[in-house]
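First the structure, in the form of structure tokens, and then the observations on it.
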């Protein structure tokens, strides 16, 4: 495996770390499985690529963040105000986003921005081949610090408490519905922002580019938690980021050993299913063994 391939894996791992931070917010902090993520990632890709085509790459990634937040807000409202189950609310928004994403892309299934200015272009003269890695690392660290600071505020702690014990939050006169809407909004904003960076990283956007992103995010979190088991915020962030990078390396090695690119989603789904179910199966066997000894 060449150094260029390894560098690509690290760069993609950092991009998906940003997306996984969004999945972490909805899945771990709020304890809500939000399928909007598959659609909002593509929304970020689409709007970022379209605006980059017009010569405004930084505006493109900013608008990716905004549209992702809007998509998440709609899902949150469907869940809290319309009392639609979280999974169904996510599916409804994701389905609607497919049509919206096609509209954003002018009815084309994919668009190219090869040769256009991207967020990486201004620093190419300084960092050369390492430009993408440097820019993505700076963005990732900046977002991680901001998110950590936010979750340590009173509002952020209320958000975390909503996922831990909603009944207690309601008893404390905190609007848990508002916390859910805010959390899902922020989660999808981060996911779409990652999509915006991803589109400019690979120089094109595809209408099906977000398929399986929820699974990728879950896989990153689960892989990372195998290394960092403590539940404090710094360790949880470290788990998300390291997990995304390690998971990207796993996929890169899988491709090197002959697994087709079209099979990666299947590979990811199996990996997540095994990671989630194995602890339960092991615990069940342990309990049976313990009962047999008695």
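A Cβ is built for glycine as well, from the same backbone N, Cα and C atoms used for every other residue.
All annotation found in TrEMBL is predicted automatically rather than curated by experts.
Within the set 156-173, 264-281, the record from TrEMBL flags 264-281 under the feature transmembrane segment. Between the transmembrane segment (58-78) and the transmembrane segment (87-106) there are 3 or more Cβ pairs closer than 8 Å, counting only residues 6 or more apart in sequence, so the two stretches are in contact.
For the transmembrane segment (126-151), the list of distant contacts is 7, 10-11, 14-15, 17-18, 21, 29, 119-120, 157, 159-160, 190, 193, 197, 201, 233-234, 237, 241: same-chain residues at least six beyond its ends, Cβ to Cβ under 8 Å. Of the candidate ranges 12-30, 181-201, 207-228, 235-258, 264-281, 207-228 contributes the most Cβ pairs within a distance under 8 Å of the transmembrane segment (87-106).
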